[in-house]
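Per TrEMBL, the features are:
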- 12-31: transmembrane segment (TRANSMEM)
- 43-62: transmembrane segment (TRANSMEM)
- 74-93: transmembrane segment (TRANSMEM)
- 141-162: transmembrane segment (TRANSMEM)
- 216-238: transmembrane segment (TRANSMEM)
- 250-267: transmembrane segment (TRANSMEM)
- 279-299: transmembrane segment (TRANSMEM)
- 305-330: transmembrane segment (TRANSMEM)
- 342-363: transmembrane segment (TRANSMEM)
- 369-390: transmembrane segment (TRANSMEM)
Amino acid sequence: MPRATWRLLASLYSTQFLGLMFFIVAMVAILRERGAGLDVISMIYMLGMIWPLKILWAPLVDRFSFGRAGHYRAWLLLTQAGMVAALVAVGGYDVRDDFSVIYALCVVTALLSATQDIALDGLACSLLETSERGLGNGLQIAGGLVGNMVGGGVMLMVYPVIGWRGCTLALAALTAVSVVQLLCYREPVWPGMRRQMSAMYGRFWMFWKAPGSIRWLVVLLLYPVASATAYSVLMPILVDAGWALDRIGLIVNVLGSAAGLFAALATGRVLSRIGRGRAMAGAAVLQLAGVLAITVPALGYTSPVAVTLAVIAYFLFYNPAATVLATLMMDRASTHSPATDYTLQYSLSQCFVMGMTSAGAALAMHIGYLGVLSLSAALAVLAILLVFLLDPTRIRAVALKNER
């Protein structure tokens, strides 16, 4: 694939999260600093629920195109430009006094970001050859971390200097870079895309009729859940240890995301060389190591060096599993409805992960942080066993046969 297309994918996967992470991470801290109540903060966190629901309109993205603008390219242009406009508009209001207007624009941004991701995943599934999907999904995971690092970390750090409007305009400018790249891109014509809407929504259950689908569903739900459950107690551990929010943001959102970015890209590069099966097994073992890393601050070792090393280890060791799982999801996406198939798998996995993350935080009240981390370690061991019991290489072979 041409380098310009790789740069486009990297740019789109990075900028899709910039505004959303700014709202969910940085704006929460800004509002809390200005005296906002926890009820307001909880409304911000609800923005994250929009992404798992995107499966409801994913078939529309597969079904409808806009003439010669390109199938997925047109959707990407509309959503990307919409995010730029929303970010510019948000900057014109006061974050506390005009919260209702800002929250409405946040919802619009979340909807546009989710729809952009549907179209982008559909484009990536269609463009990437089997040997390129490891690197492509490494870019996807890394892009999300860039959004977290810049939108949630860097913007919070520069907010005292450039203010609310400066942050939103900076994010709008970064998001607009992808618009320029899209204007210079010409999407290939994809045969067999214009199917009936009933057939598109029928993929919700037809997808699971393929051989091996039930085993694959088990993998989707259980393979990534250990690291998410462990992460649910990381922030409370640091807050209870007396860490300031700005220091937590630097260590977790900036340094941690940078480590995860490196891990995702490295995994993407080696995945095609070592094969899906070995990569999945190795990533599962690393996920266990990442969970165990969080026990360091949970045991009371909360010095800056100890916490920094633990957080970096966690992000280094859990992102390979995310990259491998995303690659296998792409393998199972049909050429006729790639955006729908990929989003269906992603949404189910994320809903379960978010549920376990919430459960982890609630369980910590009853069994403590170490109890939650022990449960997470057990789930990580279960993920390792699943790799060997369910044979991921056979799952992939079934997927490729089903795609043809």
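If you go along the chain as it appears here, the first residue is 1 and each next one adds 1.
Placed from the backbone N, Cα and C atoms, the Cβ positions cover glycine too.
With a cut-off of 8 Å between Cβ atoms, the residues of this chain six or more beyond the transmembrane segment (369-390) that come close are 215, 218-219, 222-227, 229-230, 232-233, 236-237, 277, 280-281, 284-285, 287-288, 291-292, 294-295, 298-299, 321, 360, 363. Beyond the transmembrane segment (74-93), the same-chain residues lying 6 or more positions past its ends with a Cβ under 8 Å from any Cβ of the stretch are 12, 15-16, 19, 61, 65-67, 101-102, 105-106, 108-109, 112-113, 115-116, 118-120, 123, 164-169, 171-172, 175-176, 178-179, 182-183.
Counting C-beta pairs under 8 angstroms (sequence separation of 6 or more), the transmembrane segment (305-330) fails to reach the transmembrane segment (43-62), with fewer than 3 such pairs. Sequence-distant residue pairs (6 or more apart) of the transmembrane segment (216-238) and the transmembrane segment (12-31) include fewer than 3 whose Cβ atoms are under 8 Å, leaving the two stretches without contact. At the 8 Å Cβ cutoff, the transmembrane segment (43-62) and the transmembrane segment (342-363) share at least 3 close pairs (sequence separation 6 or more) and count as touching.
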